[in-house]
């Protein structure tokens with residue numbers, strides 16, 4: 001026995017030594033493999049969290065890169081506008097005096113360019129603010145919150161085990177091969193359980209929808225899904241534990257207390273970034289919106305600038321090259337809107353009308369016509385009103401109203417690339433803390449949501465994807481267009497809400513069901529069989545247990561979508577804990593995270609300052625500017641047209657003996673019984689009906705610049721070297737003699753009823769656009785008495801204000817300018833009035849007023865030259881101008897009778 005005992009002990013010791021050596025060799029073989037596995041896991045985690053940081057940079061670059069480009073582009077546009085306004089040298093000659101229609105056009109192009117300047121500068125400020133916020137907040141996220149969780153020394157030491165640990169584990173050291181233990185447990189791993197949603201036992205993969213297939217084959221980390229076993233006798237899919245949950249649509253909508261809970265799969269750093277991005281997204285949006293408005297105003301202003309640049313001076317005529325430039329620039333302004341707005345065809349057509357109709361209105365506001373003076377009077381305000389309408393319309397459509405982005409602009413589609421965003425996100429409240437004993441603090445989630453609401457959110461997450469699949473199949477069924485549009489809209493809304501909440505997969509399969517759908521026209525509703533997952537056979541309709549209503553599905557879908565969208569912007573304790581696992585500091589709420597960037601201590605659901613608020617202020621300022629300009633245009637038109645009373649003119653049935661003859665100067669007697677005129681070479685005296693009374697040669701071989709009747713009935717002719725008087729009687733020239741040697745007189749008018757004042761003037765004349773006064777000596781000679789003032793201190797050198805014709809009677813002088821404007825002078829008082837804009841039947845190139853003369857009793861004769869037609873003669877009554885003293889014939893009847 002002792003020997004056998006010793007032999008047995010030696011055998012046991014030898015076997016134990018063999019097991020010890022065998023297991024030690026296995027252990028030492030597994031150590032580097034285990035270390036490699038742990039280090040590989042650590043490297044994967046490092047790379048994964050590095051990708052999280054790249055996610056933040058990529059999402060922030062959507063704003064930073066875009067607004068950086070806008071800064072450069074808008075700065076160039078602003079520089080272009082500045083160069084348009086200030087592209088001159090101080091040593092250049094002064095600008096020409098503008099006519100009243102030129103002033104309207106310059107105000108219009110100035111306002112459009114200044115509005116563009118205002119919007120572009122606002123866009124630059126918004127872009128700078130968005131860039132500053134995005135860079136600052138993302139840097140704070142990367143530095144403080146989204147860190148890379150580096151392995152500690154304990155983690156590294158745990159992976160690099162020592163040999164002495166093998167000596168302390170006798171169970172593993174003496175393990176008998178193939179007899180005990182799990183291979184994975186031996187290697188330090190827990191045995192891997194089968195996937196709770198494994199597809200190994202599922203034979204109907206081809207019948208599943210896309211969302212179900214993706215959810216059953218792959219689930220990301222931290223998915224907390226509690227799959228319950230549901231036994232249905234007729235459905236083999238539910239006979240396997242761990243398989244997908246099969247239910248009907250009615251049970252999904254009304255019996256969801258038996259449904260599985262689904263948790264959000266969105267990464268916490270993406271959720272936090274979506275919430276804090278609400279601080280710069282409005283500035284990003286409105287920097288683009290103001291760029292669109294500024295660019296359209298710039299192109300529209302350049303369109304008016306092209307008309308102003310190519311327009312002949314002193315006329316409203318639009319040349320063909322001006323029309324080409326205007327149409328091209330207006331088309332470019334409209335095309336800019338078509339790309340950037342998502343409006344209907346009616347919106348685009350309306351914008352095109354308001355942009356292009358302006359110059360057509362402007363052409364009709366040149367001067368008042370004889371037949372349509374009302375249109376001319378309101379043409380200027382209408383011209384200002386049209387661009388103000390489309391600018392204000394686009395500005396109103398760009399405002400954020402009731403928490404909804406201005407989806408009228410396509411820029412709202414690209415603010416959030418993770419999911420479709422309805423409007424600016426309201427910043428959730430911070431998570432509160434409460435003490436649960438001394439030195440024991442824990443997070444309280446009641447500040448965000450209560451337990452009942454948590455249950456509802458989880459159920460909504462479980463219902464989202466099955467409802468999306470059901471609505472997708474319903475949309476494919478025959479039905480009316482309105483019904484299909486409603487179903488598609490509900491499906492898309494729910495899908496985006498599920499994406500926002502991080503619910504992209506499901507473990508729920510829906511059975512088939514019958515549904516009533518509306519048909520086109522007067523057809524009755526039809527019943528259709530819908531099988532979203534293809535796992536049910538169509539039963540008889542009369543015996544079918546499941547028949548659902550489309551209205552109920554739509555209502556349930558909308559409720560689930562609202563709940564998911566509300567949950568997507570709620571920062572919870574679970575989000576804070578998961579984000580803290582990244583290695584950064586915990587974020588209790590967006591308010592506390594953004595507190596240092598806000599400029600107010602007031603509690604607000606939006607980031608301050610709000611870009612929407614600033615944009616509304618900008619639109620209010622622009623609207624005020626346009627309203628002020630509109631008021632100016634009303635006052636301007638009133639001031640101009642209140643002095644235009646030459647509306648009752650009548651064209652005289654009067655024909656010259658030679659209708660082809662040109663008229664360069666024209667004069668008349670006091671009662672209009674005879675007229676004298678010259679074409680620059682010969683002089684004709686005509687009767688009141690236009691028939692020829694006398695035709696003679698004046699000034700010898702010199703050119704005749706002006707003619708008029710003298711105080712004794714003689715004919716006065718201005719020649720190159722002086723003034724000649726011609727006496728006629730019985731249709732013959734009786735005598736001619738020179739009365740003045742003053743040369744260079746371009747027109748002359750003699751007062752045939754002069755005043756008896758000692759300082760009265762007998763005649764006025766024009767030389768070098770200067771108004772000269774003459775008196776008659778007793779011997780009949782003319783003496784230069786002095787130089788008269790000109791109205792409103794106009795620039796005498798401009799072609800628009802050059803004097804073309806004169807008339808005087810009883811100390812009241814009239815001057816006609818090349819711009820077809822009349823001014824009246826009361827010689828004794830030296831007071832001027834005017835201008836009185838003459839009627840026109842077309843542009844300056846098609847109708848021109850060339851001369852004027854005064855008759856007795858406030859009557860005027862005007863000579864007009866139409867294009868491609870003979871000379872016309874018009875009668876006008878003197879308008880009631882109260883700014884001058886009363887005429888002498890009005891206060892002295894005897895003087896009027898003697899005259």
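Note that Cβ sites are derived from N, Cα and C of the backbone, with glycine treated the same way.
Annotated in TrEMBL:
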TRANSMEM  67-86  transmembrane segment
TRANSMEM  107-128  transmembrane segment
TRANSMEM  292-310  transmembrane segment
TRANSMEM  322-342  transmembrane segment
TRANSMEM  348-365  transmembrane segment
TRANSMEM  377-396  transmembrane segment
TRANSMEM  613-634  transmembrane segment
Apart from its near flanks, which chain residues at least 6 from the ends of the transmembrane segment (292-310) lie with a Cβ under 8 angstroms of it?
74, 77, 80-81, 84, 102, 105-106, 108-110, 112-113, 115-120, 122-123, 318-319, 321-322, 325-330, 332-334, 336-337, 340-341, 355, 358-359, 362, 387, 391, 394-395, 398, 409, 411
List, by number or range, the same-chain residues at least 6 past the transmembrane segment (377-396) whose CB is under 8 A from its CB atoms?
104, 107-108, 111-112, 115, 292-293, 296-297, 300, 337, 341, 350-351, 354-355, 357-358, 361-362, 364-365, 368, 619, 622-623, 626-627, 629-630, 633-634, 636-637, 641
Can you name the far-off residues of the same chain, 6+ from the ends of the transmembrane segment (107-128), with a Cβ under 8 Å from a Cβ of it?
67-68, 70-71, 74-75, 77-78, 81-82, 84-85, 283-284, 286-288, 290-291, 293-298, 300-302, 304-305, 308, 358, 362, 383-384, 387, 391, 611, 614-615, 618, 621-622, 625-626, 629, 632-633
Could you give the residue numbers and ranges of same-chain residues that sit at least 6 residues beyond the transmembrane segment (322-342) on either side and whose C-beta is under 8 angstroms from one of its C-beta atoms?
288, 292, 295-300, 302-304, 306-307, 309-311, 348, 351-352, 355-356, 359, 394, 397, 407-411
